[in-house]
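*Asks:* I'd like to ask you about the structure that follows.
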Amino acid sequence: MSSKKKKADAEVSQTQATVEVRADVDVEELEGIGRVTGAKLKERGYYTVRDIAFASVKELAEIIGNEDRAQQIIEAARKMLGLHSFISALEVYERRKKIRRISTGVRSLDELLGGGIETRAVTEIVGEFGSGKTQLCHQLAVMVQLPEERGGLGAKAIYIDTENTFRPERIMQIAKARGLDSDQALHNIFYARAYSSDHQMILVEQAKSIIKQHNVALLVVDSVIAHFRSEFPGRENLAERQQKLNKHVADLLRLADAYDVAVVITNQVMAQPDVFFGNPLRPAGGNILAHGATYRLWLRKSKENIRIAKIFDSPYHPEGEVSFRITEEGLVD
């Protein structure tokens, strides 16, 4: 390695270390934020400079009551974290090398995904009822707890359940098969049932404080679309639904990036009655989810306990598919 390359790598590493330290600085340390304003921000889930840097002007203005001041505070936070200017593609590459991955526990699926489920990204799992979406989410909530040498991150998970499909008994089965203490595996999962789309969005906001206080590396929302579809039926409500869903997905993307966690969401499918050739099913949520998710994985049933996983949208993965089995021990090749 040349001396120039070593120097460049050292500079990038030093910059990243400095940014990480500054990111966790208390919000009240920012210029323009006093104790009263700081208390208001913390009440709404903005605890650190990192939280402010990833906020929108509109969100902050609603809290502090002044749009210009909100803009100034956000700019100050982004400047502190080095987010206010361009960086070299080399630095982007070096940052990408530090991305962490959670093994799915299925070797072929990990290979399809380039090593597993990425942090700082939203991975969407699409499929019909019974295709294995929730099973995969359960397995990931266990896999993240394994040490890095076994494909995990030695971390905890947050699980937001919108359809009452979370089963602790299944977690215990998968954990036991992976050599983990089943009770401890359950203890390492923060669970919440979401009863409406509003409640679902509030839980994502509350997840920030849990991530800050605990070693959390995975956030699951299963399913992301269910409440939005039931609460906003018909074409007359579509625009309102999509606007609200857009904010929810944007919040998830910001959370993934700001806290270096893997966000996994499941999505339902819907039929296209005017399609006579090819697959008549398409993911629910329209362009909002299509553009919001970083990676999109489609699961479908095959014979007996076999499922097919296809990656159909990714910034850099080629399209491809693999098969896996659902067993009592979990998902396996």
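For all residues, glycine too, the Cβ spot is worked out from N, Cα and C.
As the structure is a computational prediction, the values presented were derived from the model and not from experiment.
Not my notes, these are from Swiss-Prot:
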BINDING   Gly127, Glu128, Phe129, Gly130, Ser131, Gly132, Lys133, Thr134  ATP binding site
*Asks:* In three-state terms from DSSP, label Thr134 (ATP binding site) for me.
*Replies:* helix
*Asks:* So if I measure Cβ to Cβ from Gly127 (ATP binding site) and keep only same-chain residues at least 6 apart in sequence, which ones fall under 8 Å?
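*Replies:* When sequence neighbours closer than 6 are ignored, Gly127 (ATP binding site) has Lys133, Thr266, Val269, Trp298, Leu299, Arg300 within Cβ distance under 8 Å.
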*Asks:* Among the binding-site residues Gly130, Gly132, which residue has the largest number of other Cβ atoms within 10 Å of its own Cβ?
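*Replies:* Result of the Cβ crowding comparison: Gly132.
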*Asks:* Here are some binding-site residues: Glu128, Ser131, Lys133, Thr134. Which one has the most Cβ atoms within 10 Å of its Cβ?
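*Replies:* When each Cβ's neighbours within 10 Å are tallied, Lys133 tops the list.
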*Asks:* Within 8 Å of the centroid of the Cβ atoms of Gly127, Glu128, Phe129, Gly130, Ser131, Gly132, Lys133, Thr134, which other residues of that chain place their own Cβ, given that this set defines the recorded ATP site?
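*Replies:* Going along the sequence, the neighbours appear as Gln135, Leu299, Lys301.
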*Asks:* Under DSSP, is Glu128 (ATP binding site) part of a helix or a strand, or is it coil?
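*Replies:* Its secondary structure by DSSP: coil.
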